[in-house]
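*Asks:* Feature annotation from TrEMBL assigns active site, proton acceptor to 77. The active site, proton donor annotation in TrEMBL covers 95. The feature NAD(+) binding site is assigned by TrEMBL to 129, 202, 203, 224, 228, 249, 276, 319, 320, 321, 322. According to TrEMBL, the feature disulfide bond maps to 204-247. If you look up TrEMBL, you'll see 7-141 marked as domain 'Alanine dehydrogenase/pyridine nucleotide transhydrogenase N-terminal'.
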């Protein structure tokens, strides 16, 4: 019986340096009997040479499109925006299950090519807990950038946005820069920032809180379901904090945490919002004060404030791959957590966690607009 082939796709998203399968995990999969093909990647934090000696084979960048249809393609972030149908089983984050803008276009490519999406965001154990997630490092990195932005605003004009950032080799280097920024901001403001974290008890929120603690902050408001269920938003406590970090997992419509009207409060101290959850195009986004994702090269976007607002600037950070700020540590933690599920891919049709992912895929495909798959296929055929 031939071994199952896993094809590790090179990431193409700008500044995406993580990998779903690190060199150490690639070796463990090979030891389990898998054939592992790893695309050469100019972006990955793991140089190609690190896969040498693991038993994995290096293959050309982007070669997954020509791989046999029975190969399982493993990646992290969404595929490039293309029209061709997808024939493989893909293991990745696709961001098309929660009504995001263009979700039907993204999802429709799979049934058109008779492929399958096994979305990493929705792999759950028997207790409904995600088997692997980047949440901790997302919250950690998001809070770091938020504190940097807070300090930057205090020491620069409104017309000078926070400069672009590049990935850090390790956590210590990031914390060093954040501490320096916070001290600079404190010298200007006369106080440390007050930070409110919603979703503080989850993976993402705990990462945000840990960063704040390691940066030397003292006034950290840790909110979770108990606080948000006690009363509906908008919340004055957010408006009166210097920094707000949103770390919730949005699964249904909820009252907004803040909105344009609440920003008019004369008591507003809020100057930085980091929406780690990054539900930018979700119609139920509880932070409806911005409408675009930001990037590592342009981390912040200014918020248009009500005319009655005070002069304090307000910026939003909405980067949808924040863990890439710490790509090596984030990848190693995620890949290790995913390994027990990865080793079951050779029989994934009969394994609960993967069966559940396929069931969800089929349910979402059934919700595609009537005729969307056939009509799109006909459109593409006519254009070719």
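Glycine is no exception: its Cβ is also placed from the backbone N, Cα and C atoms.
Unlike curated entries, TrEMBL annotations are predicted automatically.
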*Asks:* For the C-alpha pair, I'd like the distance in angstrom between residue 203 (NAD(+) binding site) and residue 77 (active site, proton acceptor), rounded off.
*Replies:* 19
*Asks:* Measuring Cα to Cα across 129, 202, 203, 224, 228, 249, 276, 319, 320, 321, 322, which the record gives as the NAD(+) binders, how far apart are the two most distant ones in Å?
*Replies:* 26
*Asks:* Compare the C-alpha of residue 77 (active site, proton acceptor) with the C-alpha of each of the recorded positions 129, 247, 276, and give the closest one.
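*Replies:* Nearest in space to residue 77 (active site, proton acceptor), counting only the recorded positions, is 276.
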*Asks:* Taking Cα atoms as reference points, which of the recorded positions 204, 228, 276, 320, 322 is nearest to the residue listed as 'active site, proton donor'?
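*Replies:* For the residue listed as 'active site, proton donor', the closest Cα among 204, 228, 276, 320, 322 is found at 320.
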*Asks:* Tally every other Cβ atom lying within 10 Å of the Cβ atom of residue 320 (NAD(+) binding site).
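*Replies:* Step by step: centre on the Cβ of residue 320 (NAD(+) binding site), count other Cβ atoms within 10 Å, giving 20.
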*Asks:* Which residue, of the recorded positions 77, 95, 129, 203, has its CB surrounded by the fewest other CB atoms within 10 A?
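*Replies:* Lowest Cβ count within 10 Å among the recorded positions (77, 95, 129, 203) is 129.
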*Asks:* Averaged over the domain 'Alanine dehydrogenase/pyridine nucleotide transhydrogenase N-terminal' (7-141), what pLDDT does the prediction give?
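*Replies:* That stretch averages a pLDDT of 95.
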*Asks:* Any idea what the Cα distance is from residue 276 (NAD(+) binding site) over to residue 204 (disulfide bond), rounded to a whole Å?
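*Replies:* Just about 8 Å between their Cα atoms.
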*Asks:* Taking the Cβ of residue 204 (disulfide bond) as the centre, count every other Cβ atom within 10 Å, in any protein chain shown.
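*Replies:* There are 29 of them.
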*Asks:* Just to be sure I understand the packing, how many Cβ atoms besides its own are within 10 Å of the Cβ of residue 247 (disulfide bond)?
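*Replies:* The answer is 28.
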*Asks:* What residues, ordered by sequence, lie under 8 A Cβ-to-Cβ from residue 322 (NAD(+) binding site) and sit at least six positions away in the same chain?
*Replies:* 137, 138, 139, 141, 142, 145, 276, 278
*Asks:* Just to verify a number: CA distance, residue 247 (disulfide bond) to residue 320 (NAD(+) binding site), in angstrom, no decimals.
*Replies:* 12
